[in-house]
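K.L.:
The structure's right below; bear with me while I get my questions together.
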Amino acid sequence: MALRFEILGRFNRARAAQLTLPHFVCQTPLFMPVGTQGTIKGLATNQLEEIGCQIILGNTYHLALRPTSELIDELGGLHKFMNWPRALLTDSGGFQMVSLLHLADITEKGVTFQSPVDGKPMLLTPEESIQIQSRIGADIIMALDDVVRTTITGPRIEEAMYRTLRWIDRCIAAHKRPHEQNLFGIVQGGLDPVLRDICVKGLVDRNLPGYAIGGLAGGEDKDSFWRVVAQCTAALPEDKPRYVMGVGYPLDIVVCSALGADMYDCVYPTRTARFGTALVPEGVLKLKHRAMADDIRPIDPTCECMVCKNYTRAYIHCLVTKDAMGSQLLSYHNLYYMMKLSRDLNSSIIQGQFPEFVCKFLQKMFPKGDVPEWVCNAMEVAGIDISSCCAPFTTSQD
(Lines of atoms letter the chains of each structure in order from A and count residues from 1; the text may use other names and numbers.)
(Lines give C-alpha, C1' and ligand atoms only; values in the text may rest on other atoms or scores of the structure.)
Protein backbone atom coordinates (compact mmCIF):
# COMPACT_ATOMS: atom_id res chain seq x y z
CA MET A 1 0.00 0.00 0.00
CA ALA A 2 1.07 3.59 -0.68
CA LEU A 3 -0.02 5.25 2.56
CA ARG A 4 0.92 5.45 6.20
CA PHE A 5 -1.68 6.27 8.87
CA GLU A 6 -0.34 7.28 12.26
CA ILE A 7 -2.72 8.26 15.07
CA LEU A 8 -1.27 11.24 16.97
CA GLY A 9 -4.06 11.87 19.47
CA ARG A 10 -7.44 10.56 20.65
CA PHE A 11 -10.43 11.52 22.68
CA ASN A 12 -12.63 8.46 23.19
CA ARG A 13 -13.66 7.58 19.62
CA ALA A 14 -12.32 10.76 18.00
CA ARG A 15 -8.81 10.62 16.60
CA ALA A 16 -6.29 12.98 14.99
CA ALA A 17 -3.82 11.35 12.64
CA GLN A 18 -1.09 11.94 10.11
CA LEU A 19 -1.97 10.42 6.73
CA THR A 20 1.10 10.14 4.51
CA LEU A 21 0.22 9.84 0.81
CA PRO A 22 2.50 9.80 -2.26
CA HIS A 23 1.99 13.53 -2.91
CA PHE A 24 1.32 14.99 0.54
CA VAL A 25 1.43 14.45 4.30
CA CYS A 26 -2.10 15.20 5.55
CA GLN A 27 -3.48 15.90 9.01
CA THR A 28 -6.88 14.43 9.90
CA PRO A 29 -9.77 14.99 10.43
CA LEU A 30 -9.82 16.62 7.00
CA PHE A 31 -12.31 17.98 4.52
CA MET A 32 -11.76 17.50 0.78
CA PRO A 33 -13.26 20.03 -1.64
CA VAL A 34 -14.77 18.58 -4.80
CA GLY A 35 -13.14 19.53 -8.10
CA THR A 36 -15.39 17.51 -10.39
CA GLN A 37 -13.47 18.13 -13.62
CA GLY A 38 -10.06 18.91 -12.17
CA THR A 39 -10.97 22.36 -10.88
CA ILE A 40 -12.60 23.94 -7.85
CA LYS A 41 -14.87 26.42 -9.64
CA GLY A 42 -13.44 29.93 -9.55
CA LEU A 43 -10.25 29.18 -7.57
CA ALA A 44 -6.67 28.68 -8.72
CA THR A 45 -4.62 25.83 -7.26
CA ASN A 46 -2.22 28.25 -5.55
CA GLN A 47 -5.22 29.73 -3.69
CA LEU A 48 -6.23 26.24 -2.57
CA GLU A 49 -2.71 25.69 -1.21
CA GLU A 50 -2.84 29.10 0.49
CA ILE A 51 -6.00 28.19 2.42
CA GLY A 52 -4.62 24.79 3.44
CA CYS A 53 -6.38 22.26 1.16
CA GLN A 54 -4.67 18.89 1.53
CA ILE A 55 -6.64 16.61 -0.81
CA ILE A 56 -8.88 17.54 -3.75
CA LEU A 57 -11.51 15.15 -5.06
CA GLY A 58 -11.90 14.52 -8.80
CA ASN A 59 -14.81 12.75 -10.50
CA THR A 60 -13.91 9.68 -12.59
CA TYR A 61 -17.12 9.71 -14.61
CA HIS A 62 -16.82 13.35 -15.68
CA LEU A 63 -13.05 13.24 -16.29
CA ALA A 64 -13.44 10.09 -18.40
CA LEU A 65 -15.98 11.91 -20.58
CA ARG A 66 -14.01 15.14 -20.82
CA PRO A 67 -11.07 15.64 -21.32
CA THR A 68 -10.72 11.74 -21.17
CA SER A 69 -8.40 9.76 -18.93
CA GLU A 70 -6.20 8.90 -21.92
CA LEU A 71 -5.43 12.58 -22.54
CA ILE A 72 -4.80 13.20 -18.81
CA ASP A 73 -2.41 10.22 -18.76
CA GLU A 74 -0.65 11.45 -21.92
CA LEU A 75 -0.12 14.85 -20.29
CA GLY A 76 1.44 13.38 -17.14
CA GLY A 77 -1.55 12.62 -14.90
CA LEU A 78 -4.10 14.84 -13.17
CA HIS A 79 -1.60 16.36 -10.70
CA LYS A 80 0.42 17.79 -13.57
CA PHE A 81 -2.60 18.53 -15.76
CA MET A 82 -4.25 20.75 -13.13
CA ASN A 83 -0.98 21.95 -11.53
CA TRP A 84 -1.79 20.52 -8.08
CA PRO A 85 1.24 19.30 -6.09
CA ARG A 86 -0.73 17.91 -3.14
CA ALA A 87 -2.92 14.81 -2.82
CA LEU A 88 -5.83 13.81 -5.04
CA LEU A 89 -8.69 11.35 -4.54
CA THR A 90 -10.88 10.13 -7.40
CA ASP A 91 -14.31 8.64 -6.87
CA SER A 92 -15.23 5.54 -8.87
CA GLY A 93 -18.11 6.95 -10.89
CA GLY A 94 -20.54 4.90 -8.81
CA PHE A 95 -22.36 7.88 -7.30
CA GLN A 96 -23.61 8.79 -10.79
CA MET A 97 -25.83 5.69 -10.55
CA VAL A 98 -27.90 7.74 -8.10
CA SER A 99 -27.42 11.27 -9.42
CA LEU A 100 -27.90 10.33 -13.11
CA LEU A 101 -30.20 7.34 -12.66
CA HIS A 102 -32.33 8.36 -15.64
CA LEU A 103 -29.15 7.88 -17.72
CA ALA A 104 -27.96 4.62 -16.10
CA ASP A 105 -28.68 0.88 -16.34
CA ILE A 106 -27.08 -1.29 -13.62
CA THR A 107 -26.24 -4.98 -14.15
CA GLU A 108 -23.71 -7.44 -12.68
CA LYS A 109 -21.30 -6.51 -15.46
CA GLY A 110 -21.28 -2.82 -14.59
CA VAL A 111 -23.17 0.41 -15.20
CA THR A 112 -24.20 1.61 -18.65
CA PHE A 113 -24.51 5.38 -18.79
CA GLN A 114 -25.88 7.50 -21.57
CA SER A 115 -23.21 10.11 -22.13
CA PRO A 116 -24.55 13.63 -21.44
CA VAL A 117 -21.91 14.87 -23.94
CA ASP A 118 -22.91 12.94 -27.07
CA GLY A 119 -25.70 10.58 -25.97
CA LYS A 120 -23.67 7.43 -26.67
CA PRO A 121 -23.81 4.51 -24.20
CA MET A 122 -20.77 4.16 -21.95
CA LEU A 123 -20.18 0.96 -19.94
CA LEU A 124 -18.39 1.47 -16.64
CA THR A 125 -17.26 -1.85 -15.14
CA PRO A 126 -15.24 -2.26 -11.92
CA GLU A 127 -12.19 -3.03 -14.08
CA GLU A 128 -12.73 0.00 -16.33
CA SER A 129 -13.24 2.30 -13.32
CA ILE A 130 -9.89 1.19 -11.88
CA GLN A 131 -8.14 1.53 -15.26
CA ILE A 132 -9.49 5.06 -15.71
CA GLN A 133 -8.42 6.01 -12.17
CA SER A 134 -4.99 4.48 -12.80
CA ARG A 135 -4.55 6.77 -15.81
CA ILE A 136 -5.77 9.80 -13.85
CA GLY A 137 -3.18 9.00 -11.18
CA ALA A 138 -4.79 10.06 -7.88
CA ASP A 139 -3.24 9.12 -4.51
CA ILE A 140 -6.50 7.48 -3.39
CA ILE A 141 -8.84 5.66 -5.77
CA MET A 142 -12.28 4.33 -4.92
CA ALA A 143 -13.74 0.92 -5.74
CA LEU A 144 -16.80 0.91 -7.98
CA ASP A 145 -19.79 0.17 -5.76
CA ASP A 146 -23.49 -0.32 -6.40
CA VAL A 147 -24.96 2.86 -4.95
CA VAL A 148 -28.57 3.08 -3.80
CA ARG A 149 -30.29 6.02 -2.12
CA THR A 150 -30.73 5.45 1.62
CA THR A 151 -34.38 6.38 1.29
CA ILE A 152 -34.99 3.21 -0.81
CA THR A 153 -36.05 0.08 1.09
CA GLY A 154 -36.51 -3.59 0.24
CA PRO A 155 -34.41 -6.19 -1.61
CA ARG A 156 -32.57 -3.65 -3.79
CA ILE A 157 -30.49 -2.57 -0.75
CA GLU A 158 -29.34 -6.14 -0.08
CA GLU A 159 -28.64 -6.76 -3.78
CA ALA A 160 -26.49 -3.60 -3.96
CA MET A 161 -24.51 -4.50 -0.82
CA TYR A 162 -23.64 -8.02 -2.01
CA ARG A 163 -22.81 -6.70 -5.50
CA THR A 164 -20.49 -4.12 -3.91
CA LEU A 165 -18.62 -7.00 -2.21
CA ARG A 166 -18.38 -8.96 -5.47
CA TRP A 167 -17.17 -5.88 -7.32
CA ILE A 168 -14.43 -5.12 -4.75
CA ASP A 169 -12.68 -8.36 -5.77
CA ARG A 170 -12.82 -7.31 -9.41
CA CYS A 171 -11.40 -3.89 -8.46
CA ILE A 172 -8.56 -5.48 -6.46
CA ALA A 173 -7.71 -7.79 -9.39
CA ALA A 174 -7.67 -4.82 -11.81
CA HIS A 175 -5.54 -2.61 -9.52
CA LYS A 176 -2.02 -2.64 -10.98
CA ARG A 177 -0.42 0.26 -9.05
CA PRO A 178 -0.83 -0.63 -5.34
CA HIS A 179 2.53 0.97 -4.46
CA GLU A 180 1.50 4.32 -5.99
CA GLN A 181 -2.28 4.42 -5.51
CA ASN A 182 -4.42 3.39 -2.55
CA LEU A 183 -7.65 1.51 -3.28
CA PHE A 184 -10.40 2.21 -0.72
CA GLY A 185 -13.47 -0.01 -0.39
CA ILE A 186 -16.93 1.44 0.26
CA VAL A 187 -19.31 0.14 2.94
CA GLN A 188 -22.87 -0.10 1.64
CA GLY A 189 -26.05 -1.58 3.16
CA GLY A 190 -28.46 1.33 3.43
CA LEU A 191 -29.88 1.91 6.91
CA ASP A 192 -29.91 -1.81 7.73
CA PRO A 193 -27.42 -2.58 10.55
CA VAL A 194 -27.20 -6.26 9.58
CA LEU A 195 -26.32 -5.47 5.94
CA ARG A 196 -23.83 -2.77 7.01
CA ASP A 197 -22.18 -5.27 9.33
CA ILE A 198 -21.86 -7.93 6.62
CA CYS A 199 -20.35 -5.36 4.24
CA VAL A 200 -17.85 -4.04 6.82
CA LYS A 201 -16.68 -7.56 7.66
CA GLY A 202 -16.35 -8.47 3.98
CA LEU A 203 -14.29 -5.38 3.18
CA VAL A 204 -12.07 -5.68 6.26
CA ASP A 205 -11.29 -9.27 5.23
CA ARG A 206 -9.79 -7.83 2.01
CA ASN A 207 -7.27 -5.77 4.07
CA LEU A 208 -7.54 -2.56 2.04
CA PRO A 209 -5.49 0.61 2.70
CA GLY A 210 -8.62 2.51 3.78
CA TYR A 211 -12.40 2.35 3.97
CA ALA A 212 -15.27 4.67 3.07
CA ILE A 213 -18.79 4.76 4.46
CA GLY A 214 -21.02 5.26 1.42
CA GLY A 215 -24.69 5.64 0.66
CA LEU A 216 -25.35 8.41 3.21
CA ALA A 217 -26.14 12.15 2.96
CA GLY A 218 -28.87 11.24 0.48
CA GLY A 219 -32.01 12.33 2.27
CA GLU A 220 -32.11 9.96 5.26
CA ASP A 221 -33.07 11.38 8.67
CA LYS A 222 -30.18 12.55 10.83
CA ASP A 223 -30.81 9.99 13.55
CA SER A 224 -30.32 7.17 11.02
CA PHE A 225 -27.31 8.97 9.52
CA TRP A 226 -25.26 9.20 12.71
CA ARG A 227 -26.15 5.67 13.82
CA VAL A 228 -24.80 4.19 10.57
CA VAL A 229 -21.59 6.25 10.95
CA ALA A 230 -21.23 5.14 14.58
CA GLN A 231 -21.77 1.49 13.69
CA CYS A 232 -19.28 1.51 10.81
CA THR A 233 -16.51 3.47 12.55
CA ALA A 234 -16.75 1.12 15.55
CA ALA A 235 -16.28 -1.94 13.30
CA LEU A 236 -13.61 -0.62 10.89
CA PRO A 237 -9.90 -1.12 11.69
CA GLU A 238 -8.27 1.33 14.09
CA ASP A 239 -5.14 1.67 11.98
CA LYS A 240 -6.79 2.62 8.66
CA PRO A 241 -8.40 5.90 7.53
CA ARG A 242 -12.21 6.13 7.57
CA TYR A 243 -13.91 8.34 5.00
CA VAL A 244 -17.57 9.40 5.20
CA MET A 245 -18.57 10.19 1.63
CA GLY A 246 -20.68 13.19 0.65
CA VAL A 247 -20.63 14.90 4.05
CA GLY A 248 -19.97 18.66 4.06
CA TYR A 249 -22.14 20.38 6.66
CA PRO A 250 -19.83 21.59 9.44
CA LEU A 251 -22.11 20.20 12.17
CA ASP A 252 -22.12 16.76 10.52
CA ILE A 253 -18.32 16.79 10.28
CA VAL A 254 -17.94 17.61 13.99
CA VAL A 255 -20.36 14.81 14.93
CA CYS A 256 -18.74 12.25 12.59
CA SER A 257 -15.26 13.18 13.88
CA ALA A 258 -16.46 12.63 17.45
CA LEU A 259 -17.63 9.17 16.31
CA GLY A 260 -14.20 8.28 14.89
CA ALA A 261 -14.30 9.30 11.20
CA ASP A 262 -11.32 10.97 9.52
CA MET A 263 -12.15 12.21 6.01
CA TYR A 264 -15.07 14.00 4.31
CA ASP A 265 -15.97 15.48 0.93
CA CYS A 266 -18.88 17.50 -0.42
CA VAL A 267 -19.77 20.16 -3.00
CA TYR A 268 -21.72 22.04 -0.32
CA PRO A 269 -19.22 24.78 0.69
CA THR A 270 -18.55 25.87 -2.91
CA ARG A 271 -22.06 25.25 -4.25
CA THR A 272 -23.67 27.26 -1.46
CA ALA A 273 -21.12 30.03 -2.14
CA ARG A 274 -22.39 30.29 -5.73
CA PHE A 275 -25.87 30.91 -4.30
CA GLY A 276 -24.57 33.77 -2.15
CA THR A 277 -24.28 31.97 1.20
CA ALA A 278 -21.26 32.16 3.52
CA LEU A 279 -20.34 29.68 6.27
CA VAL A 280 -19.86 31.35 9.66
CA PRO A 281 -19.54 30.02 13.23
CA GLU A 282 -23.22 30.84 13.83
CA GLY A 283 -24.28 28.75 10.81
CA VAL A 284 -24.78 30.56 7.51
CA LEU A 285 -24.92 34.17 6.35
CA LYS A 286 -27.03 34.94 3.28
CA LEU A 287 -25.27 37.75 1.44
CA LYS A 288 -28.18 38.26 -0.97
CA HIS A 289 -30.39 39.62 1.81
CA ARG A 290 -31.21 43.32 1.56
CA ALA A 291 -29.87 43.88 5.09
CA MET A 292 -26.36 43.24 3.72
CA ALA A 293 -26.52 46.16 1.26
CA ASP A 294 -25.00 48.69 3.68
CA ASP A 295 -23.28 46.34 6.15
CA ILE A 296 -19.61 47.34 6.30
CA ARG A 297 -18.51 44.42 8.49
CA PRO A 298 -16.53 41.48 7.06
CA ILE A 299 -18.41 38.21 6.46
CA ASP A 300 -17.00 36.90 9.76
CA PRO A 301 -15.12 39.33 12.05
CA THR A 302 -13.26 36.38 13.63
CA CYS A 303 -12.05 34.97 10.29
CA GLU A 304 -8.45 35.51 9.14
CA CYS A 305 -9.05 34.75 5.43
CA MET A 306 -8.12 37.14 2.63
CA VAL A 307 -11.80 37.86 1.91
CA CYS A 308 -12.69 38.80 5.49
CA LYS A 309 -9.57 40.96 5.79
CA ASN A 310 -10.27 42.93 2.59
CA TYR A 311 -13.97 43.03 1.70
CA THR A 312 -17.24 44.04 3.34
CA ARG A 313 -20.58 42.29 3.34
CA ALA A 314 -21.96 45.27 1.38
CA TYR A 315 -19.39 44.79 -1.40
CA ILE A 316 -20.04 41.05 -1.70
CA HIS A 317 -23.81 41.70 -1.61
CA CYS A 318 -23.40 43.80 -4.78
CA LEU A 319 -21.61 40.93 -6.52
CA VAL A 320 -23.36 37.74 -5.48
CA THR A 321 -25.21 35.93 -8.28
CA LYS A 322 -24.46 38.85 -10.63
CA ASP A 323 -20.67 38.77 -11.00
CA ALA A 324 -18.31 35.80 -10.98
CA MET A 325 -16.13 37.60 -8.43
CA GLY A 326 -18.87 37.21 -5.82
CA SER A 327 -18.93 33.41 -5.99
CA GLN A 328 -15.13 33.32 -6.15
CA LEU A 329 -14.75 35.35 -2.96
CA LEU A 330 -17.41 33.33 -1.15
CA SER A 331 -15.91 30.03 -2.34
CA TYR A 332 -12.53 31.15 -1.02
CA HIS A 333 -14.01 32.10 2.35
CA ASN A 334 -16.13 28.95 2.67
CA LEU A 335 -13.22 26.63 1.90
CA TYR A 336 -11.01 28.60 4.31
CA TYR A 337 -13.71 28.04 6.94
CA MET A 338 -13.73 24.28 6.23
CA MET A 339 -9.93 24.03 6.36
CA LYS A 340 -9.83 25.93 9.65
CA LEU A 341 -12.53 23.61 11.02
CA SER A 342 -10.36 20.63 10.01
CA ARG A 343 -7.27 22.16 11.68
CA ASP A 344 -9.22 22.98 14.84
CA LEU A 345 -10.59 19.44 15.07
CA ASN A 346 -7.07 18.05 14.65
CA SER A 347 -5.38 20.36 17.18
CA SER A 348 -8.14 20.09 19.81
CA ILE A 349 -7.92 16.28 19.78
CA ILE A 350 -4.10 16.32 19.98
CA GLN A 351 -4.14 18.88 22.80
CA GLY A 352 -6.79 16.98 24.79
CA GLN A 353 -9.28 19.85 24.35
CA PHE A 354 -11.80 18.16 22.06
CA PRO A 355 -14.88 18.30 24.39
CA GLU A 356 -14.20 22.02 24.97
CA PHE A 357 -13.92 22.61 21.21
CA VAL A 358 -17.20 20.76 20.56
CA CYS A 359 -19.02 22.76 23.26
CA LYS A 360 -17.74 26.11 21.92
CA PHE A 361 -18.70 25.10 18.37
CA LEU A 362 -22.23 24.15 19.47
CA GLN A 363 -22.68 27.24 21.68
CA LYS A 364 -21.90 29.52 18.71
CA MET A 365 -24.21 27.61 16.36
CA PHE A 366 -27.01 27.15 18.92
CA PRO A 367 -26.75 30.10 21.35
CA LYS A 368 -30.24 29.36 22.77
CA GLY A 369 -29.18 25.83 23.66
CA ASP A 370 -31.48 24.26 21.03
CA VAL A 371 -28.92 21.68 19.95
CA PRO A 372 -30.74 19.08 17.82
CA GLU A 373 -31.63 15.89 19.65
CA TRP A 374 -29.72 13.73 17.16
CA VAL A 375 -26.51 15.64 17.96
CA CYS A 376 -27.05 15.13 21.71
CA ASN A 377 -27.63 11.39 21.15
CA ALA A 378 -24.56 11.04 18.92
CA MET A 379 -22.33 12.91 21.38
CA GLU A 380 -23.53 10.69 24.21
CA VAL A 381 -22.42 7.62 22.24
CA ALA A 382 -19.13 9.40 21.44
CA GLY A 383 -18.57 9.94 25.17
CA ILE A 384 -18.62 13.74 25.00
CA ASP A 385 -20.57 15.69 27.61
CA ILE A 386 -22.34 18.60 25.88
CA SER A 387 -24.91 19.18 28.63
CA SER A 388 -23.53 22.70 29.23
CA CYS A 389 -24.66 23.81 25.75
CA CYS A 390 -27.98 21.92 25.53
CA ALA A 391 -31.36 23.16 26.71
CA PRO A 392 -33.42 20.34 28.24
CA PHE A 393 -35.94 18.36 26.16
CA THR A 394 -34.67 19.48 22.78
CA THR A 395 -36.49 17.89 19.82
CA SER A 396 -35.24 19.72 16.70
CA GLN A 397 -34.08 17.34 13.95
CA ASP A 398 -32.35 19.91 11.70
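Including glycine, each Cβ sits where the backbone N, Cα and C put it.
Automated prediction, rather than curation, is the source of TrEMBL annotations.
If you look up TrEMBL, you'll see 13-365 marked as domain 'tRNA-guanine(15) transglycosylase-like'. The active site, proton acceptor annotation in TrEMBL covers Asp91. Marked as substrate binding site by TrEMBL: Asp91, Ser92, Gly93, Gly94, Phe95, Asp145, Gln188, Gly215. Marked as region 'RNA binding' by TrEMBL: 246-252, 270-274. Residues or ranges marked as active site, nucleophile by TrEMBL: Asp265. According to TrEMBL, the Zn(2+) binding site annotation covers Cys303, Cys305, Cys308, His333.
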K.L.:
For the region 'RNA binding' (246-252), find every same-chain residue at least 6 residues outside the stretch whose CB is under 8 Å from a CB in it, and list them.
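P.N.:
Residues 31, 95, 214, 216-218, 225, 264-269, 279, 337-338, 341, 361, 365, 375 contact the region 'RNA binding' (246-252) from elsewhere in the chain.
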K.L.:
Inside 8 A of the center formed by the CB atoms of Cys303, Cys305, Cys308, His333, which other residues of the chain have their CB, for the recorded Zn(2+) site?
P.N.:
Pro298, Ile299, Asp300, Glu304, Met306, Val307, Lys309, Tyr332, Tyr336, Tyr337
K.L.:
Output the one of Gly93, Gly94, Gly215 that, of all these binding-site residues, has the highest number of other Cβ atoms within 10 Å of its Cβ.
P.N.:
Gly215
K.L.:
Would you list the DSSP helix, strand and coil counts for the residues of the region 'RNA binding' (270-274)?
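P.N.:
Secondary-structure breakdown of the region 'RNA binding' (270-274): 5 helix, 0 strand, 0 coil.
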K.L.:
Quick one: of the recorded positions Asp265, Cys303, Cys305, Cys308, His333, which has its CA closest to the CA of Ser92 (substrate binding site)?
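P.N.:
Its closest listed neighbour, by Cα, is Asp265.
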K.L.:
What is the separation, in Å, between the Cα atoms of Asp265 (active site, nucleophile) and Gly215 (substrate binding site)?
P.N.:
13
K.L.:
To see if you understand the setup: which same-chain residues, six or more apart in sequence, place their Cβ under 8 Å from that of Cys308 (Zn(2+) binding site)?
P.N.:
Pro298, Ile299, Asp300, Pro301, His333
K.L.:
Calculate the per-residue pLDDT averaged over the region 'RNA binding' (270-274) and state the result as an integer.
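P.N.:
Over the region 'RNA binding' (270-274), the predicted model scores a mean pLDDT of 96.
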K.L.:
Across the region 'RNA binding' (246-252), what are the DSSP residue counts per state (helix, strand, coil)?
P.N.:
3 helix, 0 strand, 4 coil
K.L.:
Return the maximum Cα to Cα distance in Å (whole number) over the record's substrate-binding residues: Asp91, Ser92, Gly93, Gly94, Phe95, Asp145, Gln188, Gly215.
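P.N.:
It comes out at 15 Å between the most distant Cα atoms.
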K.L.:
If you compare CA-to-CA distances from Asp145 (substrate binding site) to each of the recorded positions Asp91, Cys303, Cys305, which comes out shortest?
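P.N.:
The answer is Asp91.
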K.L.:
Identify, in sequence order, the residues in the chain of Gln188 (substrate binding site) that are 6 or more apart from it along the sequence and have a CB within less than 8 Å of its CB; answer 'none' if there are none.
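P.N.:
Expected: Asp145, Asp146, Val147, Val148, Ala160, Met161, Thr164, Leu195, Arg196, Cys199, Gly214, Gly215.
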K.L.:
Name the one residue among Asp91, Gly93, Gly94 whose Cα is closest in three-dimensional space to that of Cys303 (Zn(2+) binding site); these are the recorded positions.
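P.N.:
Checked the recorded positions Asp91, Gly93, Gly94; minimum Cα distance to Cys303 (Zn(2+) binding site) goes to Asp91.
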K.L.:
I'm trying to understand the geometry here, so how far is the Cα atom of Gly93 (substrate binding site) from the Cα atom of Cys305 (Zn(2+) binding site), in Å to the nearest whole number?
P.N.:
33
K.L.:
Within 10 Å of the Cβ of Asp91 (active site, proton acceptor), how many other Cβ atoms can you find? Include all protein chains, please.
P.N.:
31
